[in-house]
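Take a look at the structure below.
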Amino acid sequence: MGAAVAEAEPSGRQLSDGDLLEELLSTANAARAFHEFRQSQRKECFNLLRWLQLLLPLVQELRESAPALSDDAYRRLALLGRAFQAARRLLRGVYEKMNMALEGMPYAELGVSDEVKEQVELISAQLKKRSKKRTETQDMELAMDLMMILQSKEQDANNADRPILDRLAKRLQLQSLADLRAETMAIKKLINDHQSDSTNQIVDLLHRLKAIAGVDEKNILGDVFIPKYLEKCPSLMIPNDFLCPISLEIMTDPTYERRSIQKWLDAGQRTCPKTQQPLGHLSLAPNYALKNLIMQWCDKNKVEIHSGDPPPEPPEDPKVVIPTLVKDLSSPNLDVQRKAVKKIRTLSKENPENRLLVTDNAGIPALIGLLPYPDKKMQENTVTSLLNLSIDEANKLLIARGGAIPLIIDVLRNGSVEGQENSAAALFSLSMVDENKVAIGTLGGIPPLVDLLQNGTVRGKKDASTAIFNLMLNNGNKLRAIEAGILPTLLKLLDDKKAAMVDEALSIFLLLASNPTCRGEVGTEHFVEKLVQIIKEGTPKNKECAVSVLLELGSSNNALMAHALGFDLHDHLADIAKNGTSRAQRKANSLIQLARKCS
């Protein structure tokens, strides 16, 4: 390596040691002063500035300590100076030059600190790796993207070519209206000087870049843009303020032509097309004064313009639509039924009036009749519609007495993922009525809820836990939950960090512990140890729930209480009694009193 450097550098010293170091600092600081870079090279330029920043401590320390530089050290620092100078002129080759200068730097004779030496050696190792891999990948990618676009057809621009066009627009810095118009002027000058197949390809590319930017301006080859409605009167002078800055056509819905500005915004632009200033908001407000002036001018000059927008459809009247949709639920055409139930799902979610219309038009029996269909998407939409309708208290009994509960339970067992989740939510909603709690339990609703609690998505687990908790307010359902295997499922849930449902699991445990028959199943030493761990390490809400469960178990089982106290629980209970939630403080004080009785 030393030989290679010796061949690359002159043997004589053109500057003194101090001047060489001063020049290194001056060159590096001059390079660091640049901040504006072409988009296609921005990443590499910023990386290079970062390297310069990291190397500055080496030069600064040498300038302060002012050691006598050996020939080898001088040559390497001079080469580093050439790399710094190259950083101001040209990106290519900088990594290799910096690597050549730094690899083998005689740090011992220079007397630099270990900290600076380690930092520079780390940079050198990274530069060595980078210099081997460094190719003009961005230029190659740019060329490949250009080839792909120029070989494709224009109608593909908004389909398969869209990601490529987005990359090109970004790399070529042709995303704003100002940049696109400047490029248009440059291309017009190029066309005037020389027109060929390549210029036609450039024009085609510019058309596409304008399209994705929301700019509707295609007439690049002509000197003046003449809209179709003015072809019969080309001499007519149109006031500039009447023209949309984006489409360059007379505006029919100002400020800016609504279609054009909406297209501009939809393309991701967030600046004013005319001033390039950031937009304060994205709301479109019509300029009625300007619109009236344009209309008067058009009438005076007999110019007919068309907005091109289809007339807006009148809003649907639910009083007309919903009876028809309910009727369609019983159509012999399966496709009609699918569309009807999907629409009812949407409408029944919106407001109480729509739900009342569905109910008054016998929508609940019609929906229940669709639940047995084997089409899982139809089941999902149907059960979700019933869930929406059950928000209204009067509908909870209507749905249950209509025979929906066993059918909803079947969707809970066998439906789609979303169908299962919404079935659990529907059972929770229906279980707000005590009569329905009993019906859901006796009809076998608890085992599939426990299964969803164990194997469902996070949302499914939460829906299942809410339904189970509400159902277990009925004592008979507590025993059904134990038989369905809820205890091992709840214990796993305590350790499931992804689900984050410790509070939900402990709330169900508390309901089980409050029942004398279930308490013996819940109250094990292993579970008590889990509670102690949560009291020590859990969130304030976790601790509140765990203390409540432990108090319920300990109040009827001194042995379990003594087992818990064997894990140095006193200090933690005292802390909760002082700093916990209000409910946790009450429970902790009760536990402390209970502990004194047990000791």
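Cβ from N, Cα, C; glycine included.
Annotated features in TrEMBL:
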- 237-304: domain 'U-box' (DOMAIN)
- 320-362: repeat 'ARM' (REPEAT)
- 362-404: repeat 'ARM' (REPEAT)
- 444-486: repeat 'ARM' (REPEAT)
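Outside the repeat 'ARM' (444-486), and at least 6 residues removed from its termini, the chain residues within Cβ reach (under 8 Å) are 405-406, 409, 412-413, 417, 420-422, 424-425, 427-428, 431-432, 434, 437-438, 492-493, 498-499, 501, 504-505, 507-508, 511-512, 515, 517-518, 521.
Helix first, then strand, then coil: DSSP counts for the repeat 'ARM' (320-362) stand at 35 helix, 0 strand, 8 coil. Each residue of the repeat 'ARM' (444-486) gets a DSSP state, and the totals for helix, strand and coil are 34 helix, 0 strand, 9 coil.
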